[in-house]
Amino acid sequence: MDGLSGAANVIAVVDISAKITSLCFQYSVAVKDAKDDIERLQGKVADIRSILEKIKQLLDRHDKARLSATSGLSDSLKECFRELEELKAELEPGKTRKAMSRFGVRALKWPFTSKQVEKIVSSLDRYEQAFALALQIDQTGLMFDLDQKMNLANQATNNIHQKLDLAKLPIAKGASFDSHMEEHNARCLPNTRTELLRHIREWAKDKNGKPIFWLSGMAGTGKSTIARTIAQLFADQGQLGASFFFRKGEGERGNATRFFTTIATDLMVRVPGLISGIAKALDADPAISEKALKDQFEKLILRPLSEIQRAPLPALAYIVVIDALDECEREEDVRATLQLLARTRDMKLVSLRILVTSRPELPIRLGFKQMSDGTYQDLVLHEVPKSTVEHDIHLFLKHELGEIREQRSLSPNWPTRDQIQALVELAIPLFIFAATVCRYVGTKGGDPEEYLNKVIEYRRSTFSQLDRTYLPVLNQLLAEQEGEDKETWLYGLRELVGAIVILESPLSITSLAHLLQIPQKRIRCRLDSLHSVLNIPNSEHVPIRLLHLSFREFLTDPQKQGKSPFWVGEKETHERLASQCLKLMSSPNGLQQNICNLAMPGILRSEIGERTIASSLPPELQYACRYWVHHLEQSKRCIYDGNSVHIFLQKHFLNWLEAMSLIGETYRCICMINSLQTLIDKSATTLNFLRDARRFALRFRPLLEDALQVYSSALIFAPEMSVTRKTFTDHIPEWISRLSKGEDNWDACRSILEGHSAPVCAVAFSLDGQLVASASYDRTVRLWDAATGSCRSTLEGHSNSVNAVAFSPDGQLVASASQDETVRLWDAATGSCHSTLGGHFSSTNAVAFSPDGQLIASASYDGTVRLWDAATGSCRSTLEGHSNSVNAVAFSPDGQLVASASHDGTVRLWDAATGSYRGTLEGHSDSVDVVAFSPDGQLVASASHDKTIRLWDTATGSCRSTLEGHPYPVNVVAFSPDGQLVASAASHDRTVRLWDAATGSCRSILEGHSDPVNAVAFSPDGQLIASASYDKTVRLWDAATGSCRSTLEGYSNLTNVVAFSLDSQLVASASYDGTIRLRDVATGSCRSTLEGHSDSVNAVAFSPDGNRKRLVRRLGKGQGELLKGICSGGKAISLATEGIETLERRVIVISEILYQQLGMLDTRVHKNNKEVLAVFPCGLECVCGKAQGYWYIDDTRYNLYQYAQIAPTSSFLPSRLGRKAGHGTRNTE
């Protein structure tokens, strides 16, 4: 095809598509057990052919130069042709052709498994989408004038080649309404649900309507059927934007991990112009699909839609259908999804209308309740007038039973009106009852008339609606068994169907047979009579699914234990599944070293073909690897030395790590090992193995992601005394030998925390450990989900770097302090700015909430502390008295006192209620940078540049003790939760010191960091201390012994601050590389890397209760805008301040280069004319000394040495500025 024209390329693909379609038809005639797979493949190839025929017509009718998108498909067409050639060769191999010549088409054998067909169809789907998009763009372009069309064409030319890359965006397979999995599910019958469907259509058309329509109803009321009908309706009209049908227990359809990527993929195909925005997002962050839901929504949907230059034609809203949101696993994801969807209301050019269906469960009700007025309207299905529901169910039953009557040649009078009415009364308001009854009555081999009569017998009030729905089916099957066979049949039912309803992800008959060790034939026989309650495909390679979640609820209802013969015990079933998973993985056909027969251990995971992995790790084995720990955990089964779990780990732990690497789920291994540890029952050997296994997996996690590296790298470099290494010594490749001796045992490093790229100013955990807040030099605050690492919100609005962040005690507010002189309050749930607290006239350096959350204290470089009303944002009081910048602020535990630490060398205590001055804690001989109250409020600790920590009596103001020993200025201090210990770190001595708070004696010196320590925090249980260092590591220390428990390495820049979650299970660290990392304290594994900041993160905190609400309003600049003048020649910038006026009206002059690099804010000058303190926006303070008639600025932190000449103010500043020059600064005396 290389030399062919665009049209010829199209023709070539059309021709080969026709041949493949013909071959598929031959297989469909000859092969009986793969019809679904054959039809799927045939349909996909036919779809590609249909689109390309339309493209050919377009090319034939129009000038090629006017069709840039379709003309740019050459590479995609060639790649598609090559894949189709390979497919054609597979479908007509030589042996088959010879057999056909002798025996005809009956000799055909379908060459693919269902899994392989799935991969082929997925691959072809990429081309179909690319071709469809090109066709759509050029067809739309022809409707515009020449200039408009050329813009679209150029855009298509630039982006069409990105289509195949965009197709790599992972989606939840089967989640879209038109997927193969949803293809045969019911739609509303004609003349049913008419009023409801009309109501939804009107909502979609109303330009002033609310953006979200919530259709709620209890289980079985027909929500999914309505959702599919609506999706089909708007798809037929070309108005459907996207769809996602949640399904509990079906992998990625049961959670939100692929929700926004699936929606974005659908929208990309249907909304012209969207592809470029999504491509841009993927270029900027190829791993966006693994990031927070908020990041995915903003970067893949919100921003690309907002960047579309022209409204698509026709200018109608695109409908997004989301079904069964209640079946999304995590409540946090449900709430976050609703909050994010609510933000679509502000989109103008391309508007979305979102239909959400769900049960009215509490998390969803709360999610909608938190939306602002005008965001959604709702309709409750089970509150629809009974007459309407009765009418629709009556029509449905009449239609379905009429179909059965025709198929089975029954009496024209069957069913009678009375029978239909009886069924209607039994069904209201559950459509699932009506659907199940019809499937049951129409069971092959059964007597419809007899079955219908049996259903009607369940009219007694003693039966629940679920009983009425499912008991007729199961009782009938039980009645068909002979006396002694009944119990055997019931056991078989509970064994097989119990497993099917408990499985975390559905499996096919073939996979179930291998997992459960039940012959396929027996499974097929047992399932033959269950088509009315299970979706059982014709192919034995296609997963079996529940027709409705209510069947699971019926079988596993705890209240039916001992009462119903069909009851399935969840705990017992989980235990059986865990046991079967272990047996399968341990079997000869289970896990083994180099299971994919890779030629070299250095082969990357990305270089291994999916077909290779699928053939080596069939679905049932992948299932066992993923979920054996889950089933074990749910069974509450204990692990002890010598049991099946212990034996499996001893033999196959490394094989399991290899398999998890191959299926791309290495990241789950640490959590699974942690779960196993919770099940240990006094089994020292197994516990020691798991502890070592955890260290092994944590230390070598990056290596484990490439399958064979577990043997050829990780095992080799494990310590000599590692239990894992000792257990699997025989797995070390013989061709590898170590030239030098390795470490004897594990060091303190539990895991390596990687990902930071720029400074992070501060971080903090919420009290319950669910949220992390980060503050950064990039002028934003980010809120992260501590469990998942997903970014809940990016709080934008500050115009300068953010220095500090704090949560309110109830977790609803986040406060951020910035160098833009403001404090902002943000709603933690929505990320919106609640208020902006303006009044400071220099950078705000610290912020804190009072214990009751009613007050906020902010400390500033302007020398003041301000107390704000958290509810109104008004300033309650301004605490003045410090003669220099205030570096830190803290409330006492009872909220009655405020302590402030200043550059003037003092700590001041203030009355929080009145703002009155209570006392000054004097004794430090240099700047005080940190202040903290003990948990009981009786002590105040202050850390100073004078290299000491002082402990003060809160009541008397007396100095209890001076903690000396650090050889450098102390920049960090913290109390243990019980108040008995004080931890401190100095700027350059690389150690953390632990002090006895009662005696002031040094308990231990924690050594190990190779650079200064800049943050220290105790875990809430007081057992661990975390320290963050400029050496790019975080270390965890045992508070009791002072020993280093682990070293968390891998940072690309210094770590700036560290904090623990309330339950002590997580530690968060912020770095100058712009990221926050969440680590599992027990394992050291990196739970998540919170990325997005473009500069350093300076603070992080957890909210107290994990609720996320409120945010900040922008503050205007305060007093003291600095005046700048240009000297003659324009080579210097001068700054005038009040302090400088005392120096004979002289000002400091610094070079323009330095000004641009640091941007000096103001200066404070001692009257003794010995030194000048220059303050810059980034918080940098430099001492300016006098030498040989020049002032120099010496800042070792930035390694800048500049000379500045002193000159009369009048020679630099315009006279009209002179009297204003002093605003915003104070003397430092």
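One-based numbering along the chain as shown.
Just so it is clear, glycine is given a Cβ too, placed from its N, Cα and C backbone atoms.
What TrEMBL says about a protein is an automatic prediction, not a curated fact.
Look at TrEMBL and you will find 31-58 tagged as coiled coil. Below 8 angstroms of C-beta separation, residues 7, 10-11, 13-14, 17-18, 20-21, 24-25, 67, 70, 73, 80, 84, 108-110, 112, 114, 117, 120-121, 124-125, 127-128, 131-132, 134-135, 138-139, 180, 537-542 of the same chain, each at least six residues beyond the ends of the coiled coil (31-58), sit close to that stretch.
Annotation source TrEMBL lists domain 'NACHT' at 211-360.
Averaged across the repeat 'WD' (753-794), pLDDT for the predicted model comes to 66. Residues or ranges marked as repeat 'WD' by TrEMBL: 753-794 (among others).
Secondary structure counts, DSSP: the repeat 'WD' (795-836) has 0 helix, 25 strand, 17 coil. Here TrEMBL flags 795-836 (among others) as repeat 'WD'.
Summarising the annotation, TrEMBL assigns repeat 'WD' to 837-878 (among others).
Counting only same-chain residues 6+ beyond the ends of the repeat 'WD' (879-920), those with a CB under 8 A from a CB of the stretch are 842, 845-852, 855, 857-867, 926-933, 935-937, 940, 942, 944, 946, 952, 954, 957, 1164, 1175, 1181, 1226-1229. Annotation source TrEMBL lists repeat 'WD' at 879-920 (among others).
Residues or ranges marked as repeat 'WD' by TrEMBL: 921-962 (among others). Nonlocal intrachain contacts for the repeat 'WD' (921-962), taken as residues 6+ away from its ends with a CB within less than 8 angstroms of a stretch CB, comprise 884, 887-894, 897, 899-909, 968-975, 977-979, 982, 984, 986, 995, 997, 999-1000.
According to TrEMBL, the repeat 'WD' annotation covers 963-1005 (among others). According to DSSP, the repeat 'WD' (963-1005) comprises 0 helix, 24 strand, 19 coil.
Here TrEMBL flags 1006-1047 (among others) as repeat 'WD'.
Look at TrEMBL and you will find 1048-1089 (among others) tagged as repeat 'WD'.
Sequence-distant contacts of the repeat 'WD' (963-1005) (same chain, six or more residues past either end, CB-CB distance under 8 Å): 926-927, 929-936, 938-939, 941-951, 1011-1018, 1020-1022, 1025, 1027, 1029, 1031, 1037, 1039, 1041-1042. Secondary structure of the repeat 'WD' (879-920) per DSSP (helix as H, G, I; strand as E, B; remaining residues coil): 0 helix, 22 strand, 20 coil. Break the repeat 'WD' (837-878) down by DSSP state and the numbers are 0 helix, 23 strand, 19 coil. Summarised by DSSP class, the composition of the domain 'NACHT' (211-360) is 77 helix, 24 strand, 49 coil. In the repeat 'WD' (921-962), helix, strand and coil residues by DSSP number 0 helix, 23 strand, 19 coil.
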